[in-house]
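Scroll down for the structure; my scribbles are underneath it.
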Amino acid sequence: MHSPLPKLRSLTAYAAPIPIIAGLALSHIAMIVSGLSGLTSGFEVLSNGLGTGIASVPIFIAMLALYKAHNPLSKRSVDAAFFISIAVQCASIAALGLLAAKAPSASIGLSAIASLSSWISILSWLRRMQAASSIAAVIVTFGALSIAEPVVYAFVLMPSDDACLVAGLLAPLQLPLAFYASRRDPSACPVEMPDTGYFGFESAKTDNPRLFLTMTVSISALSFAMGVVEGSPFRFVEGGAPLPDASYLFVTTAVTVGIAVGAILRPRTMMTTGIWILMQGLGITALLFYAAFPERLSIGAAVSTTLSAVMTGFIWYLIMAFSHYGTKDPFFYGLAGWLAYLLPRALVQIVVGHTPGPFLSDPTLLAALSGAMILASTQFVFIRLLKTAYSDTDAAQKSTQRLEKLLGLKGAQMSGASMRKELILHDAEKLQKEFGLSDREAEVIGLYALGKTQQAIAEDLCITPATVRVHIKHVYAKTDLHSRQEIIDRMNSF
């Protein structure tokens, strides 16, 4: 039996995440354009892969530091990282356009700097959605991609040096968007969803670390398969990698918008089985088109590039899911997602595309290898989903607790204060069901019942104090309770 369709909220809710969507799209455009040279020759694919590999070293070091840290980064530190990343992003991408043609070896270092700075700016935008519901996360991620991908295609048609210069000039537009976003509630969503987790189970509590880790491992396997396709020598038989066909614009826009609509209409299936069936279908279709149309590789490139866009949106969604439930700083999960998604692809591009020998130059073998990895990653997810849905044994719970502690997710060795917080938030969910509160109102009133000030709640949820006051007034009106103590007393009665 399908869940009831979500209810539409006011039109103002639609405008709330727009600055996040636009900023995320600009960051994504800058990151992709900085690697556009990888569409022209084998050496540049090698340099792009090496750039990603070099950038992974400071990312891994930063991950270790964030893992050891006991507290999240301060707002001042996050803002500083965002502004610095924008400045470095602009300079490195512009320099890449000016110097890549004259000094190709310099493009490796510039590509690493551009990739790292662009990813930090992307994570800064995703961080603003830390408290978002699953449907808000889908709308933001795939909404940003539906805007960015047509713009990226326009840059593909330009000379790579001109594209880099223009992208470098567009990147600073993120600054006014960030200022505007800080004055709104970016986690607001135009729909009210049923009480589901990020992966569609009956309760958000089923979203356990084993499921998160399964999704991450599977996306890494799929990234390996994409690296095989993108780095394969048979893609360069025409003197350069094929540009996606113009149909790519229609396919990518239809798929990204369709995912967002599907998540609204089918929240229990779209981001679990649905997204993986879609990615598997795109991957297999791309391989079939590459084999069926060897003289027009652009047809296959259109589908494989669409798959790459969907994978990007899904890894953003995974980062939001980890950040939503995690106790570590959101940057930790974002950097881990970067390594899980981009590093496997870069390594395979280097090995497969630039290692001589009959084994690595056989298109049939490479297509079979990538197809097998696509199927294996999808089947692995389906098996783990079944085990997650039906496993409730003590052994499974103990194993989950160990993973919670390792990954820094909520639930590991809760102290008395943590237990109290969990109980109050659970009571806030009951209050939500009884009086029809929205997800955001339940979050606000739960933190309010914990004794936090309106300013502290605003900082925790990345919204303004004025928005917090509005949510509290709405709760008072719906529940006919008019003070913090009355709210607490009502929760204690459950």
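Cβ atoms are placed via backbone N, Cα and C, with glycine included.
Any TrEMBL annotation is an automated prediction that lacks curation.
If you look up TrEMBL, you'll see 12-33 (among others) marked as transmembrane segment.
Residues or ranges marked as transmembrane segment by TrEMBL: 45-67 (among others).
The transmembrane segment annotation in TrEMBL covers 79-100 (among others). Residues 27, 30, 33-34, 37, 73, 106-107, 110-111, 113-114, 117-118, 120-121, 124, 160-165, 167-169, 171-172, 174-175, 178, 331 of the same chain lie 6 or more positions beyond the ends of the transmembrane segment (79-100) yet place their CB under 8 Å from a CB of it.
Positions annotated as transmembrane segment by TrEMBL: 106-126 (among others). Proximity of distant same-chain residues to the transmembrane segment (106-126), defined by a Cβ-Cβ separation under 8 Å and at least 6 residues beyond the stretch ends, is recorded for 20, 23-24, 27-28, 30-31, 34-35, 37, 44, 47-48, 50-52, 54-55, 58-59, 78, 81-82, 84-86, 88-89, 92-93, 95-96, 99-100, 171, 174, 178, 316, 319-320, 323, 330-331, 334-335, 338, 342.
Residues annotated as transmembrane segment in TrEMBL: 135-157 (among others).
The transmembrane segment annotation in TrEMBL covers 211-228 (among others).
Taken from TrEMBL, the feature transmembrane segment applies to 248-266 (among others).
Residues annotated as transmembrane segment in TrEMBL: 273-293 (among others).
The transmembrane segment annotation in TrEMBL covers 299-319 (among others).
The transmembrane segment feature in TrEMBL is assigned to 331-352 (among others).
The transmembrane segment annotation in TrEMBL covers 364-383 (among others).
Marked as domain 'HTH luxR-type' by TrEMBL: 430-494.
For the domain 'HTH luxR-type' (430-494), the DSSP-based tally of helix, strand and coil residues reads 49 helix, 0 strand, 16 coil. Proximity of the transmembrane segment (331-352) to the transmembrane segment (211-228) is established through 3 or more Cβ-Cβ distances under 8 Å for residue pairs spaced 6 or more apart.
If you look at the transmembrane segment (248-266) against the transmembrane segment (299-319), you find at least three C-beta pairs under 8 angstroms, all six or more positions apart, and that counts as contact. When Cβ-Cβ distances below 8 Å are used as the criterion, the transmembrane segment (299-319) is approached by residues 24, 28, 122-123, 126, 137-138, 141-142, 144-145, 149, 198, 212, 215-216, 219, 222-223, 226, 229-230, 235, 241-245, 247-248, 251-252, 255-256, 259, 271, 275, 278-279, 282-283, 285-290, 293, 330, 333-334, 337, 340-341 of the same chain, each at least six residues removed from its ends. Same-chain neighbours of the transmembrane segment (273-293): 218, 222, 225-226, 229, 234-235, 255, 259, 262, 266, 299-301, 303-304, 306-307, 310-311, 314, 363, 367, 370-371, 374-375, 378, 381-382, 385, counting only residues six or more beyond its ends whose CB sits under 8 Å from a CB of the stretch.
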